[in-house]
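Enquirer: Below you'll find the structure I mean.
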Amino acid sequence: ERSRMEMEEGGSRGAKRRGCTFQKNDFFPEESFKSWGNYGKALRETPWRFKDRVMTRSKDETEVVEMKGRSGNEMKKTLNSWDLIWFGIGAVIGSGIFVITGLEAREVAGPAVVLSYVASGISALLSVFCYTEFAVEIPVAGGSFAYLRVELGDFVAFMAAGNILLEYVIGGATISRSWTSYFATLCNHHPDEFRIIVPNMNPDYGHLDPIAVVALIAIATLAMCSTKASSLFNNIATILHCLVIVFVIVAGLINANPQNLTPFAPFGARGVFKASAVLFFAYLGFDAVATMAEETKNPARDIPIGLVGSMTITTLVYCLLSLTLCLVQSYKEIDVDAPFSVAFNAVGWDWAKYIVALGALKGMTTVLLVTIVGESRYLTHISRTHMMPPWFGHVDDKTGTPVNATIAMLTATSVVAFFTNFRVLSNLLSISTLLIFMLVAVALLVRRYYSSGVTTKENQVKFVVCLVLIFGASCGVSAYWANSDGIIGYVICVPLWVLGTGGLWLGVPMAKKPKVWGVPLVPWLPALSIFINIFLLGSIDLDSYIRFGVWTLLLLLYYALVGLHASYDTAKDFESLSNITTNQVHDQDLNHVEQGLQTQKATT
């Protein structure tokens, strides 16, 4: 009843509002920001508010029903399993294979880049299982942000949210700049001929890319118009893209030279896993499909088919394409900007580069489309909690899409794409992606093995000890891999990981089981996902971690000054509303009982 009242209230407030309109209290309506005195008081209470938010976990029904009421209008449920499969394929194939495969094959892994795709694909598939269970039971636009709020609390969810948004901004910027590279190839020009070169400026930031910005604006406009129209466009473009992929594989095998695979791993196993950590970027996109759960007709059936099906197909295609590239051309000669087009040109199939470039453009266009759709829905749900201003959470009443959030994310992505080279971006992107996937796996273990009021103190202690063993062993293997060529570290850490996972399996009873669809082999698969993600994090360079540290400090500063107080006030206001509603329902029940007794007495 309370949820229905909130939805009706939100609808009445926003029913005639369109995107990019402003009303009073759209940005900072909370009590803490109504005066400088209130804000000063809020800052003084920061430690207590922080403790409250860290310890507070949301509920499934809060995310599924009550949060949606804060957007004013509901998103339209128009998607089915086929839409999700095509969205998944369209979201993923194109981002990595046409952007950074050439760079990693030439400079990091050599022909063994195919093994890098296998390793990152296995890790991504494990993460897909975790995402799928959550998306079925919590089908909302917030994706991993909502899942982490339910299981790990507000603070962890916010830090994850900041990295999710960073992940999408960097991903969109990287792909849009590569879009320019392939467009230039299609036009028989070098990519820098389509960019504005600023003299005496760092080349990582001084090659300005206006075409990337134009491409982003055009695709974002489609995303704002209609989710179903975006889905239809994605389906058609992805089918055409798949035909091009088949052509690339067949034509590549015709021109294959097995000698190009020798040496297969010139940079050794370390190069394979270092490339794998970066190539995780290639799997960015499937989590965007999870954010479409709120717009899916039958989440319990459609989401598992859409997510698992698209990721399985994607991993197979990536392995085939990367192997084909290395068969056609020696890894030392692979072009880092447009690897497939230049490879066909090198073997005398100059005409084929146009087909490849056109297919790559189609692929990257669908990736950008799903990226924009996904990032705007993340921001929408984050804004529903008021960790970001609620203006971003408004859903347009006519299109049924989050127009404000789309425009905001488009602006941020365009600024980064205009200035920054994707070599600077890819490693930083992988840190954010791997961190989020690891946290979702942890959240799944918490969901299965810890439930307030159900899990005993003894089992809570066992669960924490097992989780520490899993984490510690994973970090130990990652650190040892990064700093040593021996085996003693693995001999110590791997048995500890097995001990932690086995102890959880045998010694801690599950507190909750999935209602519809669940990850198989729990806790082994989520624990393996944690292990692989942490291991790959250890393969990323120090400079990327420094950039990541700066971003994390900015997130903490924003949370301490704004996000904490806005979400705290909103939560307390909602608790007060809940108590009032509960009391009203209780009073109504008492009145019904009294009326019944009076009626019975009068009849007697």
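Here the Cβ of each residue, glycine as well, is placed from N, Cα and C on the backbone.
Any TrEMBL annotation is an automated prediction that lacks curation.
Feature list, courtesy of TrEMBL:
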| type | residues | note |
| --- | --- | --- |
| TRANSMEM | 84-103 | transmembrane segment |
| TRANSMEM | 152-170 | transmembrane segment |
| TRANSMEM | 208-225 | transmembrane segment |
| TRANSMEM | 232-255 | transmembrane segment |
| TRANSMEM | 275-293 | transmembrane segment |
| TRANSMEM | 305-331 | transmembrane segment |
| TRANSMEM | 351-374 | transmembrane segment |
| TRANSMEM | 403-422 | transmembrane segment |
| TRANSMEM | 428-449 | transmembrane segment |
| TRANSMEM | 487-508 | transmembrane segment |
| DOMAIN | 517-567 | domain 'Cationic amino acid transporter C-terminal' |
| TRANSMEM | 520-540 | transmembrane segment |
| TRANSMEM | 546-568 | transmembrane segment |
Enquirer: Could you tell me what the rest of the chain brings near the transmembrane segment (546-568), counting residues at least six beyond its ends with Cβ under 8 Å?
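Expert: Counting only partners 6 or more residues beyond its ends, the transmembrane segment (546-568) has Cβ contacts under 8 Å with 28, 30, 32-33, 39, 42-43, 46, 49-50, 52-53, 154-155, 158-159, 162-163, 166, 385-389, 428, 431-432.
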Enquirer: Cβ pairs under 8 Å only, please: of the recorded stretches 232-255, 305-331, 351-374, 428-449, 487-508, which one is richest in them relative to the transmembrane segment (520-540)?
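Expert: Out of the listed stretches, 428-449 contacts the transmembrane segment (520-540) most.
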Enquirer: Below 8 angstroms Cβ to Cβ, which residues of this chain, lying six or more residues outside the transmembrane segment (275-293), approach it?
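Expert: Hits for the transmembrane segment (275-293): 79, 84, 87-88, 91-92, 95-97, 99-101, 104-105, 108-109, 112-113, 115-117, 119-121, 123-124, 127-128, 131-132, 134-136, 138-144, 164, 167-168, 171, 174, 227, 299, 303, 306-307, 310-311, 314, 318, 367, 370-371, 373-375, 377-378, 381, 426-427, 429-430, 433-434, 436, 536-537, 539-540.
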Enquirer: Of the listed stretches (152-170, 232-255, 305-331, 351-374, 487-508), which one yields the highest count of Cβ-Cβ distances below 8 Å with the transmembrane segment (403-422)?
Expert: 152-170
Enquirer: What parts of the chain pack near the transmembrane segment (232-255), using Cβ distances under 8 Å and only residues at least 6 beyond its ends?
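Expert: Distant Cβ neighbours of the transmembrane segment (232-255) are 82-83, 86-87, 89-90, 93-94, 222, 317, 320-321, 324-325, 327-328, 340, 343-344, 347, 349, 352, 355-356, 358-360, 362-363, 365-366, 369-370.
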Enquirer: Could you give me three numbers for the domain 'Cationic amino acid transporter C-terminal' (517-567), the DSSP helix, strand and coil residue counts?
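Expert: Computed counts for the domain 'Cationic amino acid transporter C-terminal' (517-567) are 40 helix, 0 strand, 11 coil.
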Enquirer: Against which stretches of its own chain does the transmembrane segment (152-170) lie, if we need a Cβ under 8 Å and a gap of at least six residues from its ends?
Expert: 50, 53-58, 143-146, 284, 287-288, 371, 374-375, 378-379, 382, 385, 387, 409, 412-413, 416, 425, 428-429, 432-433, 435-436, 439, 442-443, 446, 551-552, 555-556, 558-559, 563, 567
